[in-house]
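Asker: Taken from TrEMBL, the feature compositional bias 'Polar residues' applies to 1-14. Marked as domain 'DEAD-box RNA helicase Q' by TrEMBL: 46-74. According to TrEMBL, the feature domain 'Helicase ATP-binding' maps to 77-247. Taken from TrEMBL, the feature domain 'Helicase C-terminal' applies to 257-417. Among the features that TrEMBL reports, region 'Disordered' is placed at 1-21. Marked as motif 'Q motif' by TrEMBL: 46-74.
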Amino acid sequence: MATNLANQLNNTHISGHEEEDWKKTLNLPTKDLRPQTTDVTNTKGNNFEDYFLKRPLLMGIFEMGFERPSPIQEESIPIALTGRDILARAKNGTGKTAAFTIPVLEKINVNKNNIQALLLVPTRELALQTAQVCKNLGKHMNVQVMVTTGGTTLKDDILRLGQTVHIVVATPGRILDLAGKGIADLSQCQTLVMDEADKLLSPEFQPIIEQLISFLAPQRQILLYSATFPMIVKAFKDKFLTKPYEINLMDQLTLKGITQYYAYVEERQKVHCLNTLFSKLQINQSIIFCNSTSRVELLARKITELGYSCFYIHAKMLQSHRNRVFHDFRSGKTRHLVCSDLLTRGIDIQAVNVVVNFDFPKNAETYLHRIGRSGRFGHLGLAINLITYEDRYNLYRIEQELGTEIKAIPPVIDKSLYVAP
Ligand SMILES: Nc1ncnc2c1ncn2[C@@H]1O[C@H](COP(=O)(O)OP(=O)(O)OP(=O)(O)O)[C@@H](O)[C@H]1O
Ligand SMILES: [Mg+2]
């Protein structure tokens with residue numbers, strides 16, 4: 001018994017040394033020292049090492065600058081690793097992407113030459129972003145990640161699928177097309193992740209999703225993630241998920257780091273009001289939402305005329321143009337981005353500290369996801385809503401539905417509310 005314990009201690013000692021050695025070789029990013037809210041700090045105190053992940057994967061995690069798992073990651077990673085179906089709800093920007101990509105990567109056998117996981121998302125931009133997260137986390141794993149979405153040449157996808165692909169990140173239409181034509185073989189695909197699951201279960205996507213499931217391995221695991229789960233999800237859950245493990249980390253819906261204001265305006269005063277906001281606020285980067293593509297273009301033109309640099313993006317633009325705008329905004333080439341609901345969900349740009357609803361959204365889910373583009377990973381953010389007479393009931397209703405308070409905008413907004421010290 002005593003020898004056993006001694007041996008064990010000895011082994012721990014050795015692996016302790018080894019651990020330090022590989023950790024020394026890591027290429028860590030500069031630490032983000034901005035304060036964080038309890039939305040991401042309120043954890044059980046797990047470490048990524050507690051999950052017995054492959055060393056190359058751990059290296060990728062640490063090299064992303066992740067020091068310890070966020071609350072949703074603590075809940076999701078160990079359960080997903082057991083193979084159980086999951087329905088997980090957690091606030092915007094609290095790390096849901098890694099909550100599913102880490103277990104997905106852990107389970108990939110890179111020596112096998114087949115598609116083992118399918119990650120579905122509702123927009124092309126989110127597909128690109130999610131694939132990048134997979135590639136970054138899996139950087140030391142030799143894992144092959146492919147993005148496939150509409151708006152690109154089918155031929156390129158066919159060529160790519162001729163080579164090894166382990167993980168496919170996709171929007172639903174294109175991958176169904178490829179699976180239906182027998183070009184993408186999903187028969188060995190054991191894991192299906194649906195990010196922004198409620199959006200993927202909206203009427204435009206639901207039939208495609210159901211068809212896609214029929215191409216997967218029969219013993220597949222299905223993982224659903226979102227910050228919002230309206231009732232429509234229940235029917236799908238009952239039909240396709242087996243004893244799902246349900247996670248709900250949203251005792252409250254809005255993020256603690258985001259302060260929300262409304263400004264009561266007439267439609268024709270909106271641009272003037274925005275101009276005032278630009279001159280008074282300390283905007284690091286901002287996303288400005290409009291309710292239609294034509295209004296996006298119109299507003300972007302007005303903002304440019306006012307002398308501010310801004311880009312715009314919406315779904316009716318050419319994909320190559322969309323990609324360029326998305327990439328350039330992400331790398332900070334412009335301060336302001338005007339957009340439609342194309343970027344409402346999942347988009348993660350840490351530099352965004354202000355979101356403006358130039359047009360107020362119609363439903364609470366859209367509102368929550370839009371304002372969640374700021375205040376990423378427990379940081380501070382500001383959401384400003386321009387409210388017209390017609391919006392007044394919507395404002396009241398959304399406040400009620402989200403159990404949150406949207407205050408009238410004060411003459412001066414305290415910088416400490418949305419600018420990191
Ligand atoms: N454990 C971690 N430590 C530090 N940063 C993290 C950690 N996990 C995730 N992040 C960072 O937090 C940010 C938000 O993560 P992510 O995009 O996954 O949020 P989300 O929950 O999917 O939000 P949304 O609901 O808006 O899609 C990302 O920039 C990500 O790199
Ligand atoms: Mg997300």
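Glycine is no exception: its Cβ is also placed from the backbone N, Cα and C atoms.
Not measured: the values here are computed from a predicted model.
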Asker: Given a Cβ distance threshold of under 8 angstroms, which distant residues of the chain, six or more beyond its ends, lie next to the domain 'DEAD-box RNA helicase Q' (46-74)?
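Answerer: That would be 19, 22-23, 26-29, 31-32, 39-40, 81, 88, 90, 94-96, 98-99, 102, 105-106, 136-142, 247, 249, 377.
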Asker: Reported in the order helix, strand, coil, what are the DSSP residue counts of the motif 'Q motif' (46-74)?
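Answerer: Going by DSSP assignments, the motif 'Q motif' (46-74) contains 17 helix, 0 strand, 12 coil.
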Asker: Mean pLDDT across the domain 'Helicase ATP-binding' (77-247), rounded to an integer, is what?
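Answerer: Here the mean pLDDT over the domain 'Helicase ATP-binding' (77-247) amounts to 97.
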